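A.B. asks: First the structure, which I've put down as structure tokens, then a few questions once you've had a look.
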Amino acid sequence: MFRVQRLRMFSTSRALYAGQNMTEKIVQRHAVGLPEGKTVVSGDYVSIKPAHCMSHDNSWPVALKFMGLGASTIKNPRQVVNTLDHDVQNKSEKNLTKYKNIENFAKKHGIDFYPAGRGIGHQIMIEEGYAFPLTMTVASDSHSNTYGGIGALGTPIVRTDAAAIWATGQTWWQIPPVAQVELKGELPAGISGKDIIVALCGVFNQDQVLNHAIEFTGDSLDKIPIDYRLTIANMTTEWGALSGLFPVDNVLLDFYRNRLTKVGNNHPRINEARINELQAKSDSLQADPDAKYAKKLIIDLSTLTHYVSGPNSVKISSTVDDLSKQDIKVNKAYLVSCTNSRLSDLESAANVVCPSGDINQVHKVAEGVEFYIAAASSEVEAEARATGAWQKLLNAGCLPLPAGCGPCIGLGTGLLEEGQVGISATNRNFKGRMGSKDALAYLASPSVVAASAILGKIGSPAEVLGTKDPNFTGVVATVEDAPATSADGKDVADESGASGSVEILEGFPSEISGELVLCDADNINTDGIYPGKYTYQDDVPKETMAKVCMENYDPDFQTKANPGDILISGFNFGTGSSREQAATAILAKGIKLVVSGSFGNIFFRNSINNALLTLEIPALINMLRDRYKDAPKELTRRTGWFLKWDVSQAKVYVTEGSVNGPIVLEQKVGELGKNLQEIIVKGGLESWVKSQL
């Protein structure tokens, strides 16, 4: 049972409250080419030079793109990290050749390289100090959010971005709206970080944090260990966020002091001097008391119990007690992945299978159930062997796999087969991700996964241990939204970081305008924009791309939309695959700007990387929907409203009848700096990189 209370925050202009949140402060440190005195804020487009950039099995495709750009040297080899972690069980000649190519490339260019078996890239980034508090660290992987668990701003990038960083040391980022998530109350005994994030995904399941950066706060933080924080940050990806940032506090500083005892003081990135420096500057890089947030979500941890996500969706969360009553039989269980395969996770599962502590007295995995385990890294596995946790799990009948991603990504041994049910401590349970699309996948904490493997059905550790879970009456949670515009459509958004006037690069327009053409639907995917049957045809001419643009969404789009129009659509526009043609087909149609309530993140990055401009204006799509709520349904509609984006003032004006007609909406948007303008003028990120070589 969930009880969510919705409140409205008192809206004020940031001209009065000028503080930065933690996300903005970290971006400020890594932004390059800012105008003098510029303070970055949510919405701004900035060029960034991240501290580190990790790629894994996709390092070879990135390398091919890098070489295809004409690049021959890595700008800063110390910035780049290559790991092999996804398909480590695959010993085919093709995969081994790819792995060897990555290793040889790394050696040639002096890149830090970690071979198959060393562990999952995200875990290595934390163990080896590449991801470090108060820095920005990116990776060509969607679970880069994980780094937020140790106070680093981690966010995913696409392969073109990675190649750009390899070649030039930098790429671009638009600072997202930032949501504050307050964790209050004391977490009941036995309830874990996985239960927290699964509950958050289930309680706030209406895209409240889609494409937001998240900052965690609250009086509960001093009792939430780093392993829990890493799990929570990791699954902010599934929650829809672009980052999930925890503060630097005594819990984190103690974590690094303990880490120092393991790596020694001569480690290049984790050493006493760096930890002391972190402690000294941590206060100045915490969120200011008057920091601005797009919204605030509050959850009372004292009201949580064991939660299970699914089947086949992270937006569906149930208590383990409710599912236990349904007697859902389990065929496979998994304790693997960057989400929950650290030492504390393995020990949590071991405590369920071996509550007495006697390694020879264990609860056995139920007959007919396969329980797979893999440590997050070789270091974690060694520690688990030393503590006895690994042997307890093996004695219970668990099946070990090498440190790596494996079943989580649907690779290697132990995948779900047709009709089977799996329960996993991983992060995604999308249909077909862990095997057959006709299987059911649930997500849960390590202790619940272990208990379910023993019981042969989804169940609680209390059922195995003969104990009783705390009384549960429902999660208490609250949402506080800050309006982006006032009732009359006037902007009340943040202007404290505005420089007053954005300098315009020669060749870039100071204004962009056109009639709004409405494609009134949410979740228009990349196949709707550019049909999949053309995706792998490399010789499709521009004229054909223009003709098939939006074909699968609405065949009439071709006759209703004209070159020079501005396309506007609903929320999560461009969800789906990573095909770049979804952006280039819109450009081929002669449309230079797309406006939506929100974008799929990969489409958003592919758009800018290919010189297609985008703006998120939720208020505008809501106004248009209200305008046409009683009109006959049209998939594509010419609105008679015109949008003018004054790039120099970072404002948009929506008018009726013509560009000079009466204003129906005026709103501040993020500043598009000269560095980003240059990418557009050059024709996209790849062309910009070539110009820098």
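Each Cβ is built from the backbone N, Cα and C atoms, and glycine gets one as well.
What you are looking at is a predicted structure, and each value in this text was computed from that prediction instead of being measured.
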A.B. asks: Considering the [4Fe-4S] cluster binding residues C405, C408 given in Swiss-Prot, which of C338, C354, C398 is annotated for that site as well?
C.D. replies: C338
A.B. asks: Tell me the coarse DSSP state (helix, strand, coil) of C408 ([4Fe-4S] cluster binding site).
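C.D. replies: It is helical.
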A.B. asks: Here the binding-site residues are C338, C405, C408; which one has the lowest number of other Cβ atoms no more than 10 Å from its Cβ?
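C.D. replies: Ranked by other Cβ atoms within 10 Å, the binding-site residues C338, C405, C408 bottom out at C408.
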A.B. asks: Taking the centroid of the Cβ atoms of C338, C405, C408 ([4Fe-4S] cluster site), which other same-chain residues have Cβ within 8 Å of it?
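C.D. replies: Here the nearby residues are D85, H86, I120, H143, V336, S337, T339, S341, G404, G406, I409, T426, N427.
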